[in-house]
């Protein structure tokens, strides 16, 4: 009777806990819907009072041109903000693809403050969307986690404060994957975000809400974050330009949602074109940024480097030797390389050193250096999103079980090291000594990478970008495919993404014969993940040395112009 009573009590407590979580999620969705309703009413009111506003024209303008028109007064700040707020785009987009999590109701007050600023900032009147986990005063930064839903932030994050000082108007927050450890864009609070270019496809993640909203025309500039490709992957999947800066150039304020040790997380811009990224970086790297965050080196944006036309010496590779690129990925690099050569640049073959070692020892072991204990703790009092379950079920196994499995699975890892889940079994360690060794190993690898770069006399690197957009449900099963992006998080180099082509029928036909390097289940999954993508964008990745964001952007601009 005692055992039965205890079991019944346990089941009841679990049910009550689950019910409480469901109620919190329902309340968050209700608050989101009310906020969007409020945004729609404000936009409709403005449209009714100003029937002559050319909304479609405003929404079609590139950001640099839009800023000029706002500064000269040929467009009003209200017409731009309410055009982006209006049902025509922002609401219509989120109803289609579920990308907005909140309306930043203070945007109308910010508009009035911008009009009163003595000096017009570089982003004067530009509406900006903000990734959900970045703090905005008076709003929740949930990161897709129920446990953070009641925590309203008392002040803006530094990046939001700087954007406002430059005249920008943050107006919505956008969806991200639960804990941001997955490069899909889904959580149980706000649901799955879809790719506006093809609803059967993922927008990428974790900054997928930004990717979907900008690609759908509902925002002109967004701020995402990147710890393994979370700016670059949605940019690639949605046909946008995105920049992951050097980690300390725009500092990422650590949050309780997801915190990493040796991997450098960073914030960065996403937009429709490279000039928009450059203008955003120029606006952010200002005196106000250096005043608010004295840990950011006071290095202003170098216009001279960005506007240079000097021929470049470009290293390139079509595959990293770890995960075979899809046919369209390889073709994108080949075609871009040819165009760059014809434009007078020098192209030099380059191969990243010890890529297996980098992914398995430096990235995967570093990401889970505590055996994923912090990540598992984050889920206490929460429900795991289905897209994360396969990963999470591995992370939460007891230490003893992981050690036993390590002995059994180590031969599999030696033969094929594609699965970070298996790798976690075989290299699980919470030792402080091992963590120190990890930091040292990353520094040594970075030095080796730079030495190879210098020996070839390179300015920048051209390399593949994972794509095209995945079918839903595959991102969580292909964590190892991020080798093309996570390399530049490990060594902390600036890296940007530029769309250069679209998937052709020939690419799709060639994909049928794709086997990968090993012909194993992970290679088969990539084939399944990217199939059915004819007409979707394909991007390349542009990389520079640390602190050379201007050169990275200049190279991206060259690629954009040529393609």
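For all residues, glycine too, the Cβ spot is worked out from N, Cα and C.
Annotations in TrEMBL come from automatic prediction, not curation.
Note on TrEMBL: of 18-45, 46-73, the range annotated with the feature coiled coil is 18-45. Confidence for the coiled coil (18-45), expressed as mean pLDDT, is 94. For the coiled coil (18-45), the list of distant contacts is 82, 85-87, 90-91, 94, 100-103, 105, 108, 140, 142, 146, 149-150, 171-172, 188-190, 381-383: same-chain residues at least six beyond its ends, Cβ to Cβ under 8 Å. Annotated pair residue 229 (substrate binding site) and residue 131 (active site, charge relay system), C-alpha to C-alpha distance, rounded: 15 Å. The substrate site is defined by 180, 206, 227, 228, 229, 230, and by the 8 Å test on Cβ atoms against their centroid, the other residues of the chain that qualify are 181, 183, 205, 207, 225, 226, 231, 233, 265. Residue 180 (substrate binding site) and residue 131 (active site, charge relay system) have their C-alpha atoms 11 Å apart, to the nearest angstrom.
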